[in-house]
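Annotated features in Swiss-Prot:
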type    : residues                   : note
BINDING : Cys11, Cys14, Cys17, Cys58 : [4Fe-4S] cluster 1 binding site
BINDING : Cys21, Cys48, Cys51, Cys54 : [4Fe-4S] cluster 2 binding site
DOMAIN  : 2-31                       : domain '4Fe-4S ferredoxin-type 1'
DOMAIN  : 39-68                      : domain '4Fe-4S ferredoxin-type 2'
Amino acid sequence: MSHTVKIYDTCIGCTQCVRACPTDVLEMIPWDGCKANQIASSPRTEDCVGCKRCESACPTDFLSVRVYLGSETTRSMGLAY
């Protein structure tokens, strides 16, 4: 089952989320917005199992990567009525 994976611009390019993902959903891509010149990307969300290990691994105060499961997707992203 795929889940929505959102990467925020607070990503510091540390690769912790990429290394924590057991299904290789995440990868790093070039980005000039941080010192590491890279940001996490989620090109394979169809493989996401919803374990949220990427969230747990994120060292930033505001999680740079979030996994939204099912109905949580619309509610958390402000899309629910």
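Glycine is no exception: its Cβ is also placed from the backbone N, Cα and C atoms.
Taking the features listed in Swiss-Prot, we show where each one sits on the structure.
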| residue | record | Cβ contacts under 8 Å, 6 or more apart |
| --- | --- | --- |
| Cys11 | [4Fe-4S] cluster 1 binding site | Trp31, Cys34, Ile39, Ala40, Thr60, Ser64, Val65 |
| Cys14 | [4Fe-4S] cluster 1 binding site | Ala36, Pro59 |
| Cys17 | [4Fe-4S] cluster 1 binding site | Leu26, Ala40, Cys54, Glu55, Ala57, Cys58, Ser64, Val65 |
| Cys21 | [4Fe-4S] cluster 2 binding site | Arg53, Cys54 |
| Cys51 | [4Fe-4S] cluster 2 binding site | Pro22 |
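Mean pLDDT, taken over the domain '4Fe-4S ferredoxin-type 2' (39-68), works out to 86 on the 0 to 100 scale. Counting only same-chain residues 6+ beyond the ends of the domain '4Fe-4S ferredoxin-type 1' (2-31), those with a CB under 8 A from a CB of the stretch are 37-51, 53-60, 62-70, 73, 77. Each residue of the domain '4Fe-4S ferredoxin-type 1' (2-31) gets a DSSP state, and the totals for helix, strand and coil are 5 helix, 8 strand, 17 coil.
According to its DSSP assignment, Cys54 ([4Fe-4S] cluster 2 binding site) is helical. Classification of Cys48 ([4Fe-4S] cluster 2 binding site) by DSSP places it in coil, neither helical nor stranded. Those residues of the chain, other than Cys11, Cys14, Cys17, Cys58, with a C-beta within 8 angstroms of the mean position of the [4Fe-4S] cluster 1 site C-beta atoms are Ile12, Gly13, Thr15, Gln16, Val18, Ala40, Cys54, Ala57, Pro59, Thr60, Ser64, Val65. Cβ crowding, taken as the number of other Cβ atoms within 10 Å, peaks at Cys54 among the binding-site residues Cys48, Cys54, Cys58.
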